[in-house]
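Peer 1: Sending over a structure as structure tokens; questions will come in a sec.
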């Protein structure tokens, strides 16, 4: 690099640091905290539900390059302060995170809405985005359950999108614009619900009485086409486990786990300074600290950073190997495994394996308008890698989404309730869950799902009188 180029880069770095530490970013932090408290009182956000993000408005910086301030996940909205906020680059990279607080506060985590927020910034040129969980925004999607999903693709100038049973995202070129539009949308949605309750047609300018036949059609006969972008009123979602259901347990235990175990040191060494691996190490440290407190077998202290790279990696490898040996279903391990497996799939050292009846079943379900999802203890990235690199080709085209342990423990009914809320069904019984684990079947049934247990070679035997329907092939469904 020339002297002039080095000086220019240094000046640019100094300007960026000044921007990050300047008044514009701090004012944006305080603004988001204030809006969170205000919207909490409005009922738009709950203690941990809903989120807000704004760009740090500095006239000297073009809108597309302005830093982004985003509220965290899991922090009580009515108690948020400026220091709780995340600051991100215009591309969505975290450049400033809040400091962890002592128990009972959770470890800092950026908003789960971040990917959708970034779509608004990058695709719509937004200056601020509000995600509301207001009751009216959730109920409005129930007025016409047959309405097509992903309609925003046909309305490129739209400034809001309703998510079925999960609120609304509203954006504008400034926080004032976004807030004003959000107020209008909440007012209109509330009016539509009240008009419907009174039997008044909210869909026409005349606002005449709702025709009873029209009301019946909107609720009972949506008549929508097939595919992942529509919903049906009958049973229309299938949620699949992986191990022992779509994929032989032996593939996971004899191929995937050993690959991760044998490559963990190599992976940590080659990627040690990357942001992704730093996050993996941070999660592992937290998990090991918890394990040591409760006396988990195999847990050993992780060397501090100042002990040196090799010491840190060696202590991490020992813990990861113990976790893999115990087949622990914990997010820190699954996330690291997913990153190691990604390298394996990219280098074609790994290939996903599914039972031979799986591809045909996925095709048939899609042709019938069924939405198919995966719920596995493996990370979402690992799930996508497995189904994206099978001997049958890329099967992700038949899948509408992925759930992992960030949704919750697979043996707890609450996790399946969360999934039913995310899928937007009118009743959990519209979801069919297929698994090989009895405890998961019991939890899903408790949440209202229809459940089938998969009997595959190598699966654990079931107790007598377990009470569930069983299959040995998806072709039996």
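Keep in mind that glycine also has a Cβ here, set from the backbone N, Cα and C atoms.
Predicted automatically and left uncurated, TrEMBL annotations should be read as such.
Annotated region 'Methylthioribulose-1-phosphate dehydratase' per TrEMBL: 1-201, in sequence order. The domain 'Class II aldolase/adducin N-terminal' feature in TrEMBL is assigned to 30-193. TrEMBL lists 113 with the feature substrate 1 binding site. The Zn(2+) binding site feature in TrEMBL is assigned to 131, 133, 166. Among the features that TrEMBL reports, region 'Enolase-phosphatase E1' is placed at 238-477. The feature Mg(2+) binding site is assigned by TrEMBL to 241, 243, 436. Feature annotation from TrEMBL assigns substrate 2 binding site to 376, 377, 410.
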Peer 1: Quick check on the binding-site residues 131, 133, 166, 410: which one has the highest count of other Cβ atoms within 10 Å of its Cβ?
Peer 2: 131
Peer 1: For the C-alpha pair, I'd like the distance in angstrom between residue 436 (Mg(2+) binding site) and residue 376 (substrate 2 binding site), rounded off.
Peer 2: 12
Peer 1: Give the number of CB atoms, excluding that of residue 436 (Mg(2+) binding site) itself, located within 10 Å of its CB.
Peer 2: 22
Peer 1: Sequence order is fine: just name those binding-site residues in 113, 133, 166 with a Cα within 10 angstroms of residue 241 (Mg(2+) binding site).
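Peer 2: Of 113, 133, 166, within range: none.
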Peer 1: Return the member of 243, 377, 410 nearest to residue 166 (Zn(2+) binding site) in space, with distance defined Cα to Cα and candidates limited to these binding-site residues.
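Peer 2: Its closest listed neighbour, by Cα, is 410.
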Peer 1: With every protein chain in view, what's the tally of Cβ atoms within 10 Å of the Cβ of residue 377 (substrate 2 binding site), excluding that atom itself?
Peer 2: 23
Peer 1: Determine the Cβ neighbour count for residue 113 (substrate 1 binding site): the number of other Cβ atoms within 10 Å of its Cβ.
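Peer 2: Result for residue 113 (substrate 1 binding site): 21 other Cβ atoms within 10 Å.
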Peer 1: Measuring Cα to Cα, how many Å separate residue 377 (substrate 2 binding site) from the residue listed as 'substrate 1 binding site'?
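Peer 2: For residue 377 (substrate 2 binding site) versus the residue listed as 'substrate 1 binding site', the Cα atoms are 22 Å apart.
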